[in-house]
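Note sheet for the following structure.
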Amino acid sequence: MGTLQGLLLWLLLGTGGAQAPRGPLRPLCRPVNATLAAENEACPVCITFTTSICAGYCPSMVRVLPAALPPVPQPVCTYRELRFASIRLPGCPPGVDPEVSFPVALSCRCGPCRLSSSDCGGPRAQPLACDLPHLPGLLFL
């Protein structure tokens, strides 16, 4: 190795130029509070409630030569531990189940998206909201 190359390598490594940033640029995968909506077409009202969901950044990779190799599965922020809570929609007619169950995130992890328990789609054009008149303000954490 030439003197100039050695000097450049020493400067790069000595000044920390080859190190990754110390803190994340985006929030990592973790439980966060979110307001969701619950409704049933047979019941007269919709309820908005606050619960904890998994959200945040998961490190991912994209192949430089995508045609040569199969795609790399991209991890998503998903539940590690969860519990289920439920709310009762008021004013439902007899014979209609007024209970709506939903997951409450206790801890999260980066992993494959499981369609059985997660919505693996991208951002929505419109946030989830009530189509019916709603009763706001329930909190489930």
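For all residues, glycine too, the Cβ spot is worked out from N, Cα and C.
As annotated by Swiss-Prot, signal peptide applies to 1-18, with the evidence given as experimental evidence.
Among the features that Swiss-Prot reports, disulfide bond is placed at Cys29-Cys77 (among others), with the record citing similarity to another entry. Note on Cys77 (disulfide bond): other Cβ atoms within 10 Å of its Cβ, all shown chains, come to 23.
Taken from Swiss-Prot, the feature N-linked glycosylation site applies to Asn33, supported by sequence analysis. DSSP gives Asn33 (N-linked glycosylation site) a strand state.
If you draw a 10 Å sphere around the CB of Cys43 (disulfide bond), it holds 20 other CB atoms from the protein chains shown. In this structure, Cys43 (disulfide bond) belongs to neither helix nor strand by DSSP; it is coil. Residues annotated as disulfide bond in Swiss-Prot: Cys43-Cys92 (among others).
A sphere of 10 angstroms centred on the C-beta of Cys130 (disulfide bond) encloses 15 other C-beta atoms. Taken from Swiss-Prot, the feature disulfide bond covers Cys46-Cys130 (among others), and the record attributes it to similarity to another entry.
DSSP assigns Cys54 (disulfide bond) to a strand. Counting every protein chain shown, the Cβ of Cys54 (disulfide bond) has 24 other Cβ atoms within 10 Å. What Swiss-Prot records for Cys54-Cys108 (among others) is disulfide bond, and it gives similarity to another entry as the kind of evidence.
Cys58 (disulfide bond) counts 17 other C-beta atoms within 10 Å of its own C-beta, drawing on all protein chains shown. Per Swiss-Prot, disulfide bond is recorded for Cys58-Cys110 (among others).
Taken from Swiss-Prot, the feature disulfide bond covers Cys113-Cys120 (among others). Following the DSSP three-state reduction, the secondary structure of Cys113 (disulfide bond) is coil.
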- Specify the count of other C-beta atoms within 10 Å of the C-beta of Asn33 (N-linked glycosylation site). 12
- Message: I'd like to confirm something. Which of the disulfide-bonded residues, Cys29, Cys77, Cys130, has a Cα closest to the Cα of Cys43 (disulfide bond)?
- Response: Cys130
- Set of same-chain residues at least 6 away whose C-beta sits under 8 angstroms from Cys110 (disulfide bond): Cys29, Cys58, Pro59, Pro75, Val76, Cys77, Thr78
- Rounded Cα distance in angstrom between Cys54 (disulfide bond) and Asn33 (N-linked glycosylation site) is 9
